[in-house]
Amino acid sequence: VPPGKPLAHVPSSATVGARAVLRCSEGQGSPPPTFRWYKDGTELPQDPKSSPAFRNSSYSLDPRTGELIFEPVGGWDTGDYHCEASNNVGSPQKSDVFRME
């Protein structure tokens, strides 16, 4: 079963230096989908240190649970976030976009 439209849970405001958890969930896909996160339209790499665009960020990303955890959040993490669910059936589905300040 292809995934339906995922639901992104993004805190609208986060405190610099604190922990922020973004979640992506989708209930229809079988096999269960994996999740990707995007900030301002750019995919977040699994390891932020691997990308010049994200090396200032400190986060962990679990493609199976859809959790994106910033620990700690920095001012540069402000942006528009959305997630995408995909399995090997049908086409990937994008969530709505949410802004985190």
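Heads up, the Cβ atoms here are built off N, Cα and C, so glycines get one too.
What TrEMBL says about this protein:
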- 2-99: domain 'Ig-like' (DOMAIN)
- 23-61: region 'Disordered' (REGION)
- 76-101: region 'Disordered' (REGION)
- 85-94: compositional bias 'Polar residues' (COMPBIAS)
Intrachain neighbours beyond the region 'Disordered' (76-101), with Cβ under 8 angstroms and 6 or more residues off its ends: 1-8, 10-14, 20, 22, 24, 26, 29-41, 56-57, 59, 66, 68, 70
Helix, strand and coil counts within the region 'Disordered' (76-101) (DSSP): 2 helix, 13 strand, 11 coil
Overall pLDDT for the domain 'Ig-like' (2-99), taken as the rounded mean: 97
